[in-house]
C-alpha cells in the first residue's frame, strides 16, 4: 500500500516539478542559454576549421557589436539538424547539403528556417599533393589511379592503395566510388579531421605520395598544395542512389539554417546571422590563423574584424 | 536423561515461579525442517544420519527447562552443542521449529510482531560475544541505543544511559567510539546497553569468550556483583566450565543439541549423569565446588556436641581447613540443628571423587 | 597453501598442479576433437551470412519514428519530455547559482567545503585547482561541466542508492540485479551514448542521462555490498533490542555501510567526470566540448588547457571524498555544525564582495595562455621524435612497425580463422581461467556478435584489444613487480598513477595523435596508457600481499631473488595477476573503442559514424556488438570466485 503510494507520488512529482501537462522536449533550449541576464545565442560549430572561422567571427561581432553572449557547441552535421530543430542550438552557419534533413525539418515540420547563403562554395574531391602530380602528371585522372596503387600502399590499407578519408561525419561516397569505379584502393577512415590533417602534414613533410578525400575551401591548401584528381563528371542526380554513385562530387553553395523560432523571435541576432555573408578567401584567412598559426578563434576573429570593417558593417541590423 | 525440570532445591538456589518455561523445544536447520521433530523415526536419528536422510541439522533437540526468578541459569557446552541457538530461540531471534516457550506464563511463540518487539524491548535484553556495538556512535549513544529504539526522547535517554555508563565503570569515556576501547571496556558498554532498558531477564551469549583471562575474571566478578545488587534473572551461555561453576545457580550441560544434565554445580560435579559429563568435570577442583552437605555423614553419638560448626553450603575446601585445625570432625549445623559431621575420611573421599554420597542426587 | 616452509609448499604443488594439468589435458582433448569435427562438418571462413540478422531496417525505422514523434507522441510529451525538462531545469539552476556566486565565491566555497569534509590539505588543493581553472581561461566551461556534474552525480547517487538499497535488502532483487550491474561495469562508456541520443536527441539531457546510466552502477553495487556486508552481530544486537525493520535500517544497517556508500559516491563522481567529457560527442558542452573542439583542429595546447581543468576537478573531488571516507569512524566530529556555518558564511561573504565589486566573471586579464608554448613543444616533439631518428626510428616508424608486424597479422589471423574456431577458442580460454558458466556466456556473447552481422569489424577491434592488453600486461606486471620490491620507486610512482587513473579517457587521445599519427597504432597506444596504472597498481598490491612468512621461509632456504619471484611470489599472487588481466582488458576495450576518433576504425568508428551521421542503425548495432565484446572479454578473463572484484 505504502509502496504504491510512493510510486504514485513519484509519478506525479515529475510533472509537478516541470509544470503540469505536456512537456515537449523539442522546444527546450540549452540550460546554459541566457544566463546572467544576457541574451545568449548558441551556435553549432562543426569540427572543421572553416566552420570554426564562421562561428568565431559571428561570435565576436555578436558579442562586441550587438551585446550578446555566445555559446558554441560542437555537434556533427546530421545531429546538428536535430539539435537545431529542438532549439538547443540557434543556428548552423555552414551546411554542405543534407536534402533528407531539409525535407524533414524545413518542409515538413517547419522547425528550421533557411538562413540564406554563406557566400562560400564548397567542393569535395580526391586530391594528391602537388609534388606528386608534378612528378606523375597522369595521376590526376582516375583512370590511371590503379597504376599508382602500389606506391600509395600503407600499413593500414593492406595490399591496396590507400585513399585517406576523414571524419565519419563528412559527406562521402568514397566507399561506393572505389567499388563502382573498380579501383584497387582501400578507404582508410582517419576518424576525425584532426587526425587526417596530421597525417597529410606528415606525408607532405616527407614528400611521400598520397591520395586523400578533401574539400575546398580549406586552409590546408596554403600549406600543402594539392591537385584534384578528375573523377567521372558530376551530372544532376548522378549521386541520387548512394550505392550506385560513380561520379564526382558537386559544387555546393554553402548555406545557413536557423531554428524557426529563433529566426522569428531572435531579434537583432537572428537578423545579423541571416545577413552574415562572406567569401571563400575571407573564411580561409581566418581559418588559417586558427589552425595553422594556432591563434585562439577569438583572437583570429578580432584580427580579421579589425581589418575588414567595411565587410561586416553591412551585416549589422539597421 | 535429566530433561524434566528437576525439583531439587539446594539452599543456594532461589526458588520462585519460572520466568522462562521451555518445553520440548526443537530447532532444526535445513529444508522442510518441521517434519524432523514431528516424526519419531527422524527425531531419533543421530546428527550424521539425519543429515544424510533429510539434509537437516538439529541444533536444539527436544529441550525442556525452567528458568526461575532471580537465578543465574547457565547453559554450558562445547561449540556446536546448540547453546547459542537455544538462547536465541528464547526471544525468537532464531525462530524455533517446534515446542513451546513461555515467559511469565505468556506464550512467546504465538506473539505477533509488535508483542514480540515489546518482549525484546522491555523484558529480555541480550549481551553478545562480539559486543554488537555501533561503531559510528559514542559510548553514551550506544548505551542509549535500546532506549532510542523504545522511542524515548534524546535528553532523557542520554541521562539514563549516563547512569549505566557509571554503573559499569566507564565514567569519562562517554564520548569515545567503540574502536577506541579495549575489549573488556567494549563489553561493559554492551552490558550497560542491556541494563539500561531495565529488562526482567538478561541473556548473555558467551559474553566473555573473546576477552583476555584477567579481564574475563574482572567481568565475571562484575556480573556476580550486579546479580548480588539487583537479583536480576540471568541466562548465561558459556563454553567455559569454570565460568559456569562460578556464576551458575544451576547449570544445563548441552551436547549435540540435548541437555545431558541439569543441576546445581555441586550436582554436576558430584554426580555426573553420564561418562561424558564425568569426563568433562574430571579436572574440576572438587573441594571448591562440593559442599559439606554432600560430604557429611550422620553424626555418631559422641560427635554431635564437639568440633567446629560449619554451614551446610560451606565448601569442602573450607571444611578441610576447619577439620585440620580442630584435629577431629566438624559439625554441619543448620538453624542450630546438627545435620551431620565431616571428618578426614569424608572430605578426602570427596576430593578423590570416591563413593559420592547419593543423598543429594 | 602452507605457509610454514617450502617443502610443505612443494608437497602441495604437485597435487593441485596435477589436477590442473589433468583438467587442461581434458579440455585440450575436447577442443581438439571439436576442432577436427568442425573442420569436417563446418568448413572455414568468417561468420556465415545466413546466420546473421540484418537489423539496420527495423532500427532505422525505429529511429525515424522517434524523430518524427518526439514532439507529438504522449510517451515523449508526458514522460521523456518531463525527464528532459527536469534535467534542463536543474542543470540550469545549478549553473545560475554558480554564476551568481561568482568565481571568488565558488573557489571559496570549494575550499571551505573541502576543509570541513576532509581537512586543510584537500582544501588548499581545491582552492588552487579552481584558481588554476580560471587562470587557464576555462572558467565558464568549468562551471558548465560542474553544473552538469552536480546534477548527474546527484541523480546517479540517488538512483544507485535506491537500486542498491533494494538489492541490499532483498536477496531476490540482488540476484536479479547483480549480473546486470556486473555487465554494465565492463561496458565502454561509448556504448551508452547511442540509445540515449536516440530518445533525447543531442544535448544536455542526453548527456546527463548517459552519465547517470554510466555512473549509477558502481553506487548501486557498493550500496548493496555495504548493506549486505553489515556486521551480523550488530544487526542481531539491534534486533534483540526490539528494533523495527525501519529502525534497523536507519540506525544500524545504513550507518554501518557508510564507508561503502561514500566509496560509491566517490566512484560515481569519477565515472561521471570521465563520462562528462565523452558525452561532449552528444552535446554536453563545457570542458569536454572544448577538448573535443581542440581535438578537431589538432590543437594539442588548447586541448590540454581544457583537459587540465577536468583532471583538476577529478583530483579535487577524488581527494575530498576519499579523505572524508577515511575520516569516518575516527574521532567524533567535533564542532562540525560550527564548521559548516563558517563555510556557509564565508562563501556568502566572498560572493557578496564579488557581487558588489562586480567581479563575478573571471577577469580576462588573469588568464595565462598555455596553448602557445604547449603547441611549440608538441611541434618540436613531432618534428624531432616523429621520424628519422637514427637507429631507434621515430614514433611514427614504431607505429608503422607495430601496425605491420603486430596488429595486421593479429587481425588477419583472427579474421582468417573459421568462425567456429573463434568460438571454440573463446570457450576454451574462458573454461581454463573460469568455469563452465563463464565459458558459456562468453561463447554466446561472441556468437551474438556474428548474428549482429559485424563479425569482421569486431575481430578487428578484438585484435587491437589483444595487442594493447599484451603490451599493457608486459609493461604493467614488470613495473608492478619492481614497484612491489622497491618502496622508493613506489613512492615516486604512486602520485603519477593516481593522476593517470583519474584522467578521463578522452584526454589520452590528444598526445597520441601527435606522436603516432592516425590509425590503429595510436588507438592501442592510448589504451595502453590508460590501462597501465590499474595493472601496475593491482600487480604491486598482489605482490606485496604475498604472505611474508612464505617469502621469509623461502629466503631462509637460500632462494635467490629471481627464484623467490618465480617460485613464491608469482604463484601466490596469481589471483591478483588474473584480476589485473581482467581489469586491463576492460579498460583497454574502453579506450580502443574511443580510438575510433583517431583512426582506430572497426566498431569504435561505426559508433562514431552512427552518431555523426545520425545513422543510429549502424551505431546501435556496433554498440550492441561492443557490449557483447566487452561481456565476452570480461567473462573469458574471469577467474573463479569473482568476489575479489568487490574488494
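Note: Cβ is positioned from N, Cα and C throughout, glycine not excepted.
Between the listed ranges C:50-73, C:146-169, TrEMBL ties the annotation transmembrane segment to C:146-169. Of the listed segments C:439-458, C:539-558, TrEMBL assigns transmembrane segment to C:439-458. Per TrEMBL, the listed range annotated as transmembrane segment is C:416-433 (candidates: C:398-415, C:416-433). Looking at C:250-268, C:269-287, the range annotated in TrEMBL as transmembrane segment turns out to be C:269-287. Same-chain neighbours of the transmembrane segment (C:294-317): 110, 114, 122, 125-126, 129-130, 132-133, 136-138, 141-142, 145-146, 149, 266, 269-270, 273-274, 276-277, 287-288, 370-375, 378, 498-499, 502-504, 506-507, 509-511, 513-514, 597, counting only residues six or more beyond its ends whose CB sits under 8 Å from a CB of the stretch. Residues 138, 141-142, 144-145, 148-149, 152-153, 156, 189-190, 192-193, 196-197, 202-204, 206-208, 210-212, 214-215, 218, 306-307, 309-310, 313-314, 317-318, 321, 502-507, 594, 608, 611 of the same chain, all 6+ positions outside the transmembrane segment (C:269-287), place their C-beta atoms under 8 angstroms from a C-beta of that stretch.
With Cβ pairs under 8 Å as the measure, the transmembrane segment (C:506-532) is packed most heavily against C:576-604, out of C:123-140, C:146-169, C:416-433, C:576-604, C:616-633. Of the Cβ pairs linking the transmembrane segment (C:93-116) with the transmembrane segment (C:146-169) and spaced 6 or more residues apart, 3 or more are under 8 Å, so the two regions touch.
Only pairs six or more apart in sequence are counted, and the transmembrane segment (C:576-604) with the transmembrane segment (C:123-140) gives fewer than three Cβ pairs under 8 Å, not enough to call it a contact. For the transmembrane segment (C:616-633), the list of distant contacts is 55-57, 59-60, 63, 183, 186-188, 190-191, 193-195, 197-198, 426, 441-442, 445-446, 448-449, 452-454, 457-458, 461-462, 465, 585-586, 589, 593, 603-604, 606-607, 609-610: same-chain residues at least six beyond its ends, Cβ to Cβ under 8 Å. Long-range contacts of the transmembrane segment (C:146-169) within the same chain: residues 87, 90-92, 94-95, 98, 177-178, 181, 204, 207-208, 211-212, 215-228, 249, 253, 257, 261, 264-265, 268-269, 271-273, 275-276, 284-286, 313, each at least 6 residues beyond the stretch ends and with a Cβ under 8 Å from a Cβ of the stretch. Taking Cβ pairs closer than 8 Å, the transmembrane segment (C:123-140) reaches residues 103, 106-108, 110-115, 287, 290, 305-306, 308-309, 312-313, 315-316, 319-320, 361-362, 364, 366-370 in its own chain, all 6 or more past its ends.
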